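Here is the structure we will look at, set down as structure tokens.
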Amino acid sequence: MAAWVPCRKWGWAAVSFGRHRGLIASLARKPPWAWWLSACRQKTTLSFLKRPELPSLAYKRLKGKNPGIIFIPGYLSNMNGKKAVAIEEFCKSIGHAFIRFDYSGVGSSDGNLAECSVGKWRKDVLSILDDIAEGPQILVGSSLGGWLMLHAAIARPEKVIALIGIASATDGVVTQFHSLPVEMQKEIEMKGEWSLPSKYNKEGYYSIPYSFIKEAAHHCLLHSPIPVTCPVRLLHGMKDEIVPWHRSLQVADRVVSPDVDVILRKHSDHRMKETADIHLLICTIDDLIDKLSTVTH
């Protein structure tokens with residue numbers, strides 16, 4: 001068991017009780033980027049997964065040892081973000097497989113964004129798992145990706161052996177919508193669109209179709225126990241203005257797995273892409289790989 005207490009360097013530090021020592025040791029080591037930046041110079045090239053009657057998905061794949069790692073991006077984010085690239089460099093350095101991809105309608109993938117939905121992006125994740133990934137996988141989901149990784153673990157329990165959520169936005173857009181005054185909800189329904197303010201979009205807001213919100217409601221998970229039994233690690237910034245950090249506590253409470261850690265960063269925001277945030281993410285992945293490899297052997 002591990003408890004988390006305030007620490008000047010990290011915002012939170014781990015105090016270990018018993019067997020759970022891997023992450024504690026990782027945090028005490030020198031920062032991972034000091035060695036993985038000089039690792040293998042292997043380049044991943046852009047490829048496309050062709051799917052009958054569905055948009056082709058753009059992806060980059062690094063072949064290597066299992067468990068492999070799959071990065072699932074956030075809402076309207078592409079595969080080239082700082083976290084995805086950092087994980088790829090780390091996987092190169094240790095020889096493990098890695099996949100990053102774009103949702104349909106986003107980035108280099110085919111598809112019409114206006115027709116996209118949580119359900120369709122869920123299918124995208126499963127397509128990557130079924131048709132590209134080989135062997136057991138650790139899923140790393142950022143924001144919306146943290147919601148979709150839970151769905152993937154439920155649908156493919158034999159292949160998904162661990163989850164890492166970064167500012168997991170489970171049920172996010174639906175919860176936000178229903179927190180609005182009833183009059184505003186009706187106005188959005190009549191208008192057919194919700195202009196959601198966001199400092200992370202150059203326009204200053206996201207235009208979310210009402211149909212997207214309505215469809216997303218069919219994929220909510222927090223209303224009942226979540227049948228995920230693998231190890232789960234949930235990282236969240238306490239300065240997150242988009243998805244409150246309490247959401248990760250809700251997810252931790254709802255998943256049935258007994259092996260769940262919630263790790264809070266006191267001064268981190270929703271994106272969690274500062275140097276110390278990336279360090280924590282890489283150490284968490286490293287710890288899970290070590291834990292799962294020990295169990296396997």
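Glycine is treated like the rest: Cβ placed from N, Cα and C.
Long-range C-beta contacts of Ser143 (active site, charge relay system), restricted to its own chain and to partners at least six residues apart, with a cutoff below 8 Å, comprise Pro73, Gly74, Tyr75, Ser77, Ile166, Ala167, Ser168, Ala169, Gly172, Ile242, Val243, His270. Positions annotated as active site, charge relay system by Swiss-Prot: Ser143 (among others).
Swiss-Prot lists Asp240 (among others) with the feature active site, charge relay system, giving similarity to another entry as the kind of evidence. Using a 10 Å Cβ-Cβ cutoff, Asp240 (active site, charge relay system) registers 22 neighbours.
The Cβ of His270 (active site, charge relay system) has 23 neighbouring Cβ atoms from other residues within 10 Å, across all protein chains displayed. Marked as active site, charge relay system by Swiss-Prot: His270 (among others).
Feature annotation from Swiss-Prot assigns domain 'AB hydrolase-1' to 69-181; the stated evidence is sequence analysis. The DSSP breakdown of the domain 'AB hydrolase-1' (69-181) into helical (H, G, I), extended (E, B) and coil residues amounts to 49 helix, 23 strand, 41 coil.
Among the features that Swiss-Prot reports, transit peptide is placed at 1-43, with the record citing sequence analysis.
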Three-class DSSP secondary structure - His270 (active site, charge relay system): coil
